[in-house]
Every structure is written in structure tokens, then in C-alpha cells.
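**Student:** Below you'll find the structure I mean.
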Amino acid sequence: MSPQLLAMALPPVLGLFILGIGNGFLSSLITLRLDAAGESPVVIGWVSGAYFIGLGLGALFNDRLLLAIGHIRAYGSFASLVAVTVLLQGLILDPVAWFGLRLIGGWATVGVFLVIESWLLASGDSKVRGRLLALYMIALYGSGVLGQLLLGITQNMGETAPFMVIGALASLSVLPMAMIPRVTPLLDKVEPLSPLRLMILTPTGVVGAFGSGMLAAAVYALMPLYLQRTGFDLAEVGQLMAITVLGAMLLQYPVGRWSDRHDRQLVLILIGLFCLAISLAVLLLPLPSWGLAALLFLLGGGVFSLYPVSVSHSADRAPAGALVPMSQGLLLISALGSSVSPPLVSPVMAALGDTALFMAFGALGGALVLFFAWRRLVRPAPVPVVPFSPATPLSSVGAEFVVTDEWVAGAKEHEHMEDLSDVVPDVDVAEPMVGPPAEEGQYVPYFDEDGYHDGVLEVNHHEFDEDAAAIEPTPVEPGWEQESPSAAEPGDAPKG
């Protein structure tokens, strides 16, 4: 990474890291403080859900403000609003007021992430996007781990001290952005695919994104409640939550890379079974503290791997021109799942007890397994053509992070293998290959947006043999129309 690129990328990453420490800490603090005040799990679920509702609303509308006032001023506005809402929560302990403050705080928080992600996205082209994404992920998850540990550090500082610390961190996160040159990267407005269009394109991806949002929100919002009521003190709750986030950070990438070499629908089924098995182990086995910590580490890896694998599976289905709106649409689907999860799961905990949290994890994992298995029978997954990207962006602009050159190349390759013109009619796609399904080494003429080509399709590797000219054409089976070079543009000649 060049010094110029690093100079552009480091300030927003540093701002993200500072803000993320307080943000990760706050989600657990809200849950534990309401529980200590005697509020029911239902109230806790609604207050926690307000934050995720705000995230979803901000992901839809905050880009308009960013386009109007620019990155630096937008960052300062959003971060200041985050600080104010947190400080007010330290002064007012009222569930109704906290619901409104968490709603506004979620809206402002995703605005901060929108600025950071769009700035990083504009700092370099798609060739360096993977390295920028790595910096982003390290800052996001690293700050989340450290933030959870603040629960134990601040527990003896007074009731308002934790809120003051979080507010101070939100204010300090403005400094790195204020020191960068007064340059505003360009931000293109891209409309995400509608839920209906996404369901037609990738039902598995939509359900996977929605389920991952539900699971992740329950982990952040309700897991601290379960741990505190199980008998752990604040410091231990923070440590166990940090271990959960650490599992998400360390296990997400190897799971995703494994999905690059296997049927991604099968990988999604195994992730659902994995979450189900861990939930049953917590419910049925007498676990020491270290055993629970180990299972939470694994649960974090499973839960937070579900979204990026679902996105990668969806990218295997999508044409190149639909990758960005597809990833943005799946992000909004995930945000919707996060917003409904705490209000739905918390009444179950109130009725059946705190262990109902893991009942919900297991039930949701089992439901995902059944759906993924059904979809695999109805429409088997294509061979993976895009590399896994361990992205967990929080804004619609940041969703473009995952769309690298490798993704675009893989998507274009898939356009030759399946007719996608009816799936995403608003996007220009290459025409699929002409002729019967090819076996490895078979001569197959095909057309794409550049005109007529012919060659040998190697099905196992999805590469075109440069020695195609040496192979005689295979007779076309009855019922298939044979295209001829004359159908190409004038002046084009068959290659090879």
C-alpha cells in the first residue's frame, strides 16, 4: 500500500477504531443497566431493537445528507449526535426516553460508518480494495473486543461514568477526520435491489442475510442479559462478550475461504447445524466457565460467518452489473432482521426463562438448515466463481467494499453459464453460451458483449483453452440451435 493511500485511509480507520470501542461497549451496557433497574426482558428487547431500527433507517437515508454537506462535516455532525444521545442516557434512566435516544443513536452511528466506508471506498480503486477492507475489519472487530472489556474497567467508576467514557470516545473520533485534507471523495448514488428482486435472484442469500441479522442482534443485545442472570459479574460478562466477538473476528475468514472451494449452500447448511449444535450444548451440558467461553467463541464464529457466506453465494448468482445493488440490498435485509430480533426473542425469554435465548438460537439455526437444504434440492448452488470477502459493512455505501475485481471477473464468467437477463432485467448481461451443456474439453461456440468467440470450455476450472483451434467442432445434439459466425458483428472473425 502506497504512502499516499495509507495517508488517506488511516484517519477514517482510526476514527472507526475510537468510535467502535465505545459503540461495542454501549450495546452491552444498555442491556445490563436496564436489567439492574428491574426492567423486563421485553422492555430490554424493545430498547435494544430501537438501535437496530435506527441503523436500518440511516442506511436508507443518510447518504442524502452526506451528498449535501460533504464527508468531514457529516462525520462531525453524526459523531456529535452519537455523543449527545449517549450522555443523555447517563442522565435519564427511563425506558421510553432510552428507546428514542437509541433510535437516534443508531441513525447517527450508521451515518458515521457511512462517511468512513465511503471515504475508504474512494481512497483507492478496486485493485487495493481488499487491503482497505482488511484495515476496516481489523479496526471494526478489534475495537469491538476492546469495548466489551470496558465493562469491567468502568464498573466501579460510578453510574454515569461509563456513559461519559463512551461520549468522550465519540467526540475524540472526530479528530482524525478533522486533520485530513479538505478533499471530498465522490459518492455515487446506487439504488439497492428491491427485496422482491433479491428473492428472485437469490432466495438463499436473502434468508441467510435476514437470519444472520437476527442472530447477530440477539448476540449483542440479549447475550449480556443471559450472562448476567446466569451469575457472572460485569467484568466477566465483558470478557465473555469479548471472546464472542473475537471468535467472529478469527473464524469468519477461514470459514469463508473454505466456502470458496465447496458448495456454498452446503456450507450454509453446516453453519446452521453448527449454531444449532452449540445451542443444544449450552442448554443440555453442565458447563464450567471455560467451557462456556469456548462455546461462545465458536458461536461468534458461526453467527458472524453466516452473512458474508450468504453474500458470496448471492454473488455467484448475480451478473456483474448487479453486484453493488445486490450487496446493498442484502445489507438492508440484514438490518431488517436485526431490528426485529430483540423484540421477538425477549418475550420468549420472559416467558420461558433466560435459557430461551439459546432455544431461539437453536430454533433459528434449525429453520435456516431446513430452508437451505430445500433450496439446494430445488436449485443447486453454482460452482463458486467469486472469492469470499469477510465484510461486515454497516452502510449501503460500504456494501460496495466486497465488490472487487475478482468478484466482477467471476460474475462475468457466470453470465456465460446461465441466462440472467430475466432475473435482473435492468442490468446488461452477456448472452449465455450457445449449444448443449458442455463436458470438459468439448468445443462450444458462444457469444458475449464483445461479439463472436469460440473455444473450449473446461467445466471444472471455468477457463477457456487457448488451443481451441486444434479441436474439431462437436456435432450439436438435435433440438439445439447452432449459431454461426455470421451472427456476429460485421468484420468480426472467429478466433482460434
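The backbone N, Cα and C atoms fix where each Cβ goes, glycine too.
Not my notes, these are from TrEMBL:
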DOMAIN    8-378  domain 'Major facilitator superfamily (MFS) profile'
REGION    465-496  region 'Disordered'
TRANSMEM  12-31  transmembrane segment
TRANSMEM  43-62  transmembrane segment
TRANSMEM  74-93  transmembrane segment
TRANSMEM  99-121  transmembrane segment
TRANSMEM  133-154  transmembrane segment
TRANSMEM  160-180  transmembrane segment
TRANSMEM  200-222  transmembrane segment
TRANSMEM  234-254  transmembrane segment
TRANSMEM  266-284  transmembrane segment
TRANSMEM  290-309  transmembrane segment
TRANSMEM  356-374  transmembrane segment
**Student:** Counting only residues 6 or more past its boundaries, what in the same chain has a CB within less than 8 Å of a CB in the transmembrane segment (234-254)?
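**Tutor:** For the transmembrane segment (234-254), the list is 24, 28, 32, 137, 141-142, 144-146, 148-152, 155, 219, 223-224, 227-228, 289, 292-293, 296-305, 308, 388, 390.
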**Student:** Applying the under-8 angstroms CB criterion, which one of 43-62, 160-180, 200-222, 356-374 scores highest with the transmembrane segment (266-284)?
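**Tutor:** Most Cβ pairs under 8 Å with the transmembrane segment (266-284) come from 356-374.
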**Student:** Could you tell me whether the transmembrane segment (200-222) and the transmembrane segment (99-121) are in contact, taking contact to mean 3+ Cβ pairs under 8 Å with a sequence separation of 6 or more?
**Tutor:** no
**Student:** Tally Cβ pairs under 8 Å between the transmembrane segment (12-31) and each listed stretch (74-93, 133-154, 290-309, 356-374), then give the stretch with the top tally.
**Tutor:** 133-154
**Student:** Could you tell me the mean pLDDT over the domain 'Major facilitator superfamily (MFS) profile' (8-378), as a whole number?
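**Tutor:** 85, rounded to a whole number.
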